[in-house]
Amino acid sequence: MEQVLVASNGEKQEANDGNTVDFRGNPADKSKTGGWLAAGVALVTELSERIVVMGISMNLVTYLVGDLHLSSAKSATVVTNFMGTLNLLGLLGGFLADAKLGRYLTIAIFASITALGVILLTMATTIPSMRPPPCDDYRRKHHQCIEANGQQLAMLYAALYTIALGGGGIKSNVSGFGSDQFDGADPKEKKAMIFFFNRFYFCISIGSLFAVIVLVYVQDNVGRGWGYGISAVIMVIAVIVLLCGTPWYRFKKPQGSPLTVIWRVFLLAWKKRGLHHPFPPSLLNQYENAKVPHTKRFNCLDKAAILEDYSAGSRNKSDPWIVSTVTEVEEVKLVLKLIPVWSTCILFWTIYSQMTTFTVEQATFMNRKLGSVTIPAGSFSAFLFITILLFTSLNERLFVPLARRLTHNAQGITCLQRVGMGLILAIVAMVAAAIIEKERRDNAVEKKTQISAFWLVPQYFLVGAGEAFAYVGQLEFFIREAPERMKSLSTGFFLSTLSMGFFVSSLLVSIVDKVTEKHWLMSNLNKGKLDYFYWMLAVLGVLNFLVFIVFARKHQYKVQQYDCSSDTMQKEQKTSKEMAVVAIEMKDSMEGP
């Protein structure tokens with residue numbers, strides 16, 4: 001008899017699905033594969049990717065403005081487009097892993113692509129012909145510097161987007177591949193899996209901290225080529241370590257892309273739009289075997305699971321292009337339920353993106369001396385990651401236990417409450433950034449003095465605290481609320497909020513630059529009005545938060561939905577049985593004794 005477990009999220013899971021194998025394709029031996037060794041080796045790849053990406057993104061704007069002589073607005077757009085593309089390509093990585101390649105092979109291929117991209121970036125920033133002539137302070141102040149031409153930027157863009165392609169494939173699969181090394185049906189390994197996710201976020205934050213302190217210092221004081229060259233070596237070593245760990249991994253066979261399922265349900269629902277909804281719903285295809293309980297939301301999609309006369313045969317009944325199952329329809333409904341919250345998470349990452357662009361630019365116009373040492377502008381991002389590490393620890397050890405006492409909820413605060421807290425902190429961060437920028441500009445213009453760059457710490461602190469709440473809350477929300485078999489897709493969906501946040505930042509910068517005729521976002525911040533841009537983001541943040549509150553209050557968590565739907569399903573099954581009994585009695589009475 002097939003053993004079935006009911007997951008906490010309301011879906012059924014097979015305890016032994018035979019889908020976990022070793023590198024030879026044989027059923028995985030738990031004593032020889034998986035566990036902390038395999039998960040730790042896999043984690044090295046994500047750690048290296050984070051070192052590479054943070055080492056580039058947190059200091060790239062200073063290279064674009066200082067060495068390539070691009071405007072502040074254009075430089076910010078280059079950085080945010082790079083980060084946006086990287087996170088958006090997480091959807092591609094998740095699709096390929098689920099559909100064909102599997103997580104391991106996808107990670108190995110895309111990690112190699114990342115290594116190639118960093119090597120190209122090292123060459124692009126080292127070859128003298130790839131940069132315009134140097135520009136002194138006098139010509140810089142009078143906007144007389146020669147800007148890098150298209151040919152000089154071509155290799156840089158090729159390198160950046162190669163890294164974005166590789167990084168996207170790694171990001172959407174490493175956490176899932178790491179969790180594959182633990183058996184969720186084994187109580188001991190399940191605890192280890194939870195601990196793995198905690199350490200996963202901690203490690204990538206440590207990697208980011210290393211990048212902005214060590215690599216940024218090397219880039220500014222030794223040379224860009226050296227800084228990016230170290231990143232290239234780290235990434236190559238990560239690929240070698242990943243490949244060497246192959247005998248110890250557990251591999252999950254690809255089950256087919258969820259995107260195909262989603263597209264198929266929409267297509268069949270459209271084709272059958274003229275049909276009437278069956279009553280009771282238990283007449284839908286494979287209703288009683290559904291792994292996700294039936295709901296009445298988006299009931300127009302139920303038509304994809306209607307059994308027509310020609311599809312009622314056993315062969316046609318199992319053809320997914322003729323009729324969907326209730327499980328598939330309900331999985332699509334679960335994905336659709338994520339979209340309202342997804343849309344309101346975007347602006348947080350728009351605000352976060354300012355930490356990699358204009359905040360770094362602010363630091364270049366401030367006093368960065370600490371004793372006799374001048375701190376690189378990009379290294380002030382260290383305060384962002386220190387705050388993330390601090391609040392990640394405080395969340396689990398202080399805030400969550402305190403919230404449990406106040407709310408009498410085992411979770412302490414829900415994932416959406418975490419996201420809401422992150423949105424509030426982001427708004428406050430932009431208010432602080434606007435006030436500090438006005439003070440900085442007034443001192444520079446009126447008093448001819450530079451205030452300390454450590455005045456940027458409040459905005460880094462607030463955004464870092466906000467990320468500790470928002471990142472964890474969003475990741476938990478998208479993974480827990482999405483269908484069980486759509487792990488990679490849901491991770492990619494989560495990463496797309498980061499992507500859209502960076503793209504929205506690029507769009508806002510372009511619009512503001514055009515509307516204000518380049519008076520707000522000038523390369524010389526002393527002549528611009530950057531504080532106005534921050535105030536605009538704060539106002540947009542307030543409006544976005546109000547919309548988020550509306551969506552969050554209406555959202556019904558999957559566990560709650562399961563509880564409600566179980567009763568509904570039982571009633572519908574009872575109705576169906578009663579109707580079947582009546583039909584049999586009518587048939588008997590018509591046929592006679």
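A Cβ is built for glycine as well, from the same backbone N, Cα and C atoms used for every other residue.
Unlike curated records, TrEMBL annotations are generated automatically.
Listed in TrEMBL:
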type     : residues : note
TRANSMEM : 78-97    : transmembrane segment
TRANSMEM : 103-124  : transmembrane segment
TRANSMEM : 200-219  : transmembrane segment
TRANSMEM : 225-249  : transmembrane segment
TRANSMEM : 334-352  : transmembrane segment
TRANSMEM : 372-394  : transmembrane segment
TRANSMEM : 415-436  : transmembrane segment
TRANSMEM : 456-479  : transmembrane segment
TRANSMEM : 491-512  : transmembrane segment
TRANSMEM : 532-552  : transmembrane segment
**Q.** Result, the transmembrane segment (491-512) in contact with the transmembrane segment (415-436) (3+ CB pairs under 8 Å)
**A.** no
Q.
Please tell me whether the transmembrane segment (200-219) and the transmembrane segment (78-97) touch - that is, whether there are at least 3 C-beta pairs under 8 Å between them, with each pair 6 or more apart in sequence.
A. no
Q) Taking a Cβ cut-off under 8 Å, which residues six or more beyond the ends of the transmembrane segment (78-97) line up next to it in the same chain? A) 53, 56-57, 60-61, 64, 70, 103, 106, 110, 160-161, 163-165, 167-173, 176, 254, 257, 259, 353, 356-357, 488-489, 491-493, 495-496, 498-503, 505-506, 509
(Q) Can you work out which residues elsewhere in the same chain, 6+ from the ends of the transmembrane segment (491-512), have a Cβ less than 8 Å from its Cβ atoms? (A) 73, 76-77, 80-81, 83-88, 90-95, 168, 171-173, 175-176, 335, 338, 342, 345-354, 357, 474-475, 478-479, 482, 520-521, 533, 536-537
**Q.** Tertiary contacts of the transmembrane segment (334-352) (same chain, 6+ residues out, Cβ under 8 Å)
**A.** 258, 262, 292, 297-298, 416, 419, 422-423, 426-427, 429-430, 463, 466-467, 470, 474, 477-478, 481-483, 486, 490, 493, 496-498, 500-502, 504-505, 508, 537, 540-541, 544-545, 547-548, 551-552, 554-556, 558
